[in-house]
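Right, one structure below, let's go through it.
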2 protein chains.
Amino acid sequence: MTRWPLPVPMQRALELAAEAAAAGEVPVGAVVVQAGRIIGEGRNAPRALHDPTAHAEIAAIRQAAAHLGSERLGGCDLWVTLEPCPMCAGAIIHARIQRLYYAAPDGKGGAVAHGARLFDQPACLHRPEVYGGMGEGESAALLQGFFRERR
Amino acid sequence: MTRWPLPVPMQRALELAAEAAAAGEVPVGAVVVQAGRIIGEGRNAPRALHDPTAHAEIAAIRQAAAHLGSERLGGCDLWVTLEPCPMCAGAIIHARIQRLYYAAPDGKGGAVAHGARLFDQPACLHRPEVYGGMGEGESAALLQGFFRERR
């Protein structure tokens, strides 16, 4: 049996997550896609950059918005290897991301299907379509390997 | 009667909010204070910077973290003219801000005393002390003036 391949944006997000791990950062990667083309990429880097906001999603969103010359990313999709935290879910709302694809769930830090469930809040200004689970095994393996080494 | 003066950090945050309004951005300003000294400042600038994450609090936190060479701002206080949104409240958690002072409440977009109430979530990793209301009138006047002009 050959396993169905992951979509290219999730493959790239997983590569970015592996790069984060190699740099000593929690392995999370993200890309922003517009019309099938990657226009923003990011990986976790708060330690190296001395920036508590330097999550993968924030970096990918900032790069895509700079590329488009617009604070809104309507029609763009975000692919990320881990369920977004409240900060990143909030940025996804501000950026008007159309579809969110995330790989592994985050029962402790996530704010999409767990915790604050930001997109389900009555006052939420923009709700992306949300698809979870693609690449979950690959992402969870990266995270588990990273935290196992550090214990 | 002479009105009791606002603390200097909130005065400065209000100045930054007024600068944002003059630049055509929603008037919100923020400063980070460590041991009585301002080490980070920011104002809303998503339109000019083409960056949906360029809120006042994010800018102030990033500047303070770069100044200290650390992703954690333990022992630092954040002063901001409006109740933080989910993105900014999430950044406050990641940065380990000790005390949050905000001026005006935000019943629609706020995530501290309204909506997701992020610091009250059971899984919240860090809870700052929160003080609201100082400078509320001044901040609300700036916001109302800004939106009145644009209607």
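Count begins at 1; order follows the chain as displayed.
Every residue, even glycine, has its Cβ placed from backbone N, Cα and C.
The record from TrEMBL ties A:CYS85, A:CYS88 to Zn(2+), and of the options A:HIS55, A:HIS67, A:HIS114 it ties A:HIS55 to that site too.
Sorted by the number of other CB atoms within 10 A, the binding-site residues A:CYS85, A:CYS88 start with A:CYS85, the lowest. Each residue contributes its Cα atom, and for A:GLU57 (active site, proton donor) and A:CYS88 (Zn(2+) binding site) these two points are 6 Å apart.
As a whole-number mean, the pLDDT of the domain 'CMP/dCMP-type deaminase' (A:4-113) in this prediction is 98. Around A:HIS55 (Zn(2+) binding site), a 10 Å sphere centred on its CB holds 29 further CB atoms from the protein chains shown.
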